[in-house]
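The feature transmembrane segment is assigned by TrEMBL to B:6-26, B:76-99, B:119-141, B:162-180, B:192-210, B:241-264, B:284-303, B:323-342.
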Amino acid sequence: MSTAIQNISLSGKKKQVSNKEMTFLERMYLVAIVKGLWITIKHFFRKKATIHYPEQVREFSPVYRGRHMLKRDEQGRENCTACGLCALSCPAEAITMKAEERKKGEEHLYREEKYASIYEINMLRCIFCGLCEEACPKDAIYLTLSKELVPAQYDREDFIFGKDKLVMPLEMALKNTQLKNAN
Amino acid sequence: MDSAFIIEKSVFIVAIFAVTMIMAMYSTWAERKVAAYLQDRVGPNRAGWGGLLQPLADGMKLFAKEEFFPNTPNRFLFIVGPAIAMSTALMTSAVMPWGDKLEIFGRTVILQATDIDVALLYVFGIISVGVYGIMIGGWASNNKFSLMSSVRAASQMVSYEIAMGLSIIALLMMTGTLSLKEIAAQQAGMNWNVFYQPVGFLIFLICAFAETNRTPFDLAECESELIGGYHTEYSSMKMGFYLFAEYANMFISSAILAVLYFGAYNYPGMQWMVDNVGVNAANILGIVVLFIKICFFIFFYMWIRWTIPRFRYDQLMHLGWKILIPLAIVNIMVTGICILVFK
């Protein structure tokens, strides 16, 4: 059996459009208007789609990538060794850093012999792709599950996050260690 | 004329003024709420409970805005425009019968600022003057979009007033009076005019939409073609007056619709209430009933606005001149024949 190509409808939704004259009742539009009013009044009583933002927060995806964090190890030392692989892998060129050599007496602060004295991420450029996290050989940079978004600011400079905002707080690192030892 | 009469009327006029203003104020809130609800949103809900303080916030914002004057040759007319729009919007409420009568301190108080026997003509006269506010404002703005808008508004008003007047004539043939008080009183019980004049009501309703410049007839301020229309150049409270006048007009035309066709303050069992409960209780309930009817029509205005898209200009003229006016004339003829046959 062969069907003409014009009549095939793979989706099953094909509808022949006709250009027929409207009847008198249709030209009055009153029926159509009443139908339209019925549709809108149904929406009046429908559940609203709005999420009241500050009070309610939209559910995040389980693989959500939130704000970055520079990790510390169990003894509270910074992991980052300022190798620059994250900056190299960053497609948005959001990361800059400046390396410094660890001095004597700073072993409790930095894990490796070299550390980042300045580590900055431009949050306006960052696309939260997570490539920095994948590139990092020292498990230093992570995209957290933090629900805290980058807040609105008046100046562009305020969106450049330095180490003060990125490095994991020391208490958090010690607490993590405690939890790990307890298990 | 005794002093009690003057006090009574003054109190009543102030009350009507306040009620009209409050209704107009809360119509802006209701408009946004209804628009939001019809579109599955929640609307204003930050200022006060359910956004109820939103109109106050809007008013404060408009008062605090800069008074902008365009580089126009006629500053005087620029100021007069919104003033005319506002005052004509408020003047029509003077002849509305808000209720039948109350008995206070042994006096019979008629719930109407003034009962003139050509009330209906007065209402139509004032409404027609209302277009001057738009025309003068749009013309004095010295802006081509504003001018286009006022030209549209004027021709729209003129063409729809004819159909509106003709639809009223059919009603007048039945009621035999121009006094709104008597028209209201004639509709006692469920004797509403809408049952006798359905076609006339439909024509009047469509024309009321056109007269108040509401969607689908808001060609005077269609944003996509004319920016804001006649109030493009306006700012601050002058702009506020135009917007306010629109809502005041909406309230008044809802009141006219309710009074002329939907039985005004009458409700089934009103006579029973007067006999058994008392004149005052029955009439206060009547006022409440009238306001419920008015609120329904205001809601209907908004409901239509967020359902039907705007007409094209030629469609508007086509509807007005080629459909509504002949239909209204046929309606008059049919009404005349019916009166002749059945009475």
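Here the Cβ of each residue, glycine as well, is placed from N, Cα and C on the backbone.
Quick caveat, the model's predicted, so the values are computed rather than measured.
With pairs at least 6 apart in sequence, the transmembrane segment (B:6-26) and the transmembrane segment (B:323-342) have fewer than 3 Cβ pairs within the 8 Å limit; the two do not touch. The listed stretches are B:76-99, B:119-141, B:192-210, B:241-264; of these, B:241-264 has the most Cβ pairs under 8 Å to the transmembrane segment (B:284-303). Taking every listed stretch (B:76-99, B:119-141, B:192-210, B:241-264) in turn, the largest tally of C-beta pairs under 8 A with the transmembrane segment (B:6-26) is reached by B:241-264.
When each of the listed stretches B:76-99, B:119-141, B:241-264 is scored by C-beta pairs under 8 angstroms to the transmembrane segment (B:192-210), B:241-264 comes out highest. Here the transmembrane segment (B:241-264) has Cβ contacts under 8 Å with residues 20-21, 23-25, 27-28, 31, 81-83, 85-86, 88-90, 92-93, 96-97, 123, 127, 130, 133, 137, 168, 171, 180, 183-184, 187, 190-194, 197, 200-201, 204-205, 208, 211-214, 230-231, 234, 290, 293-295, 297-298, 301 of the same chain, all six or more residues outside its ends.
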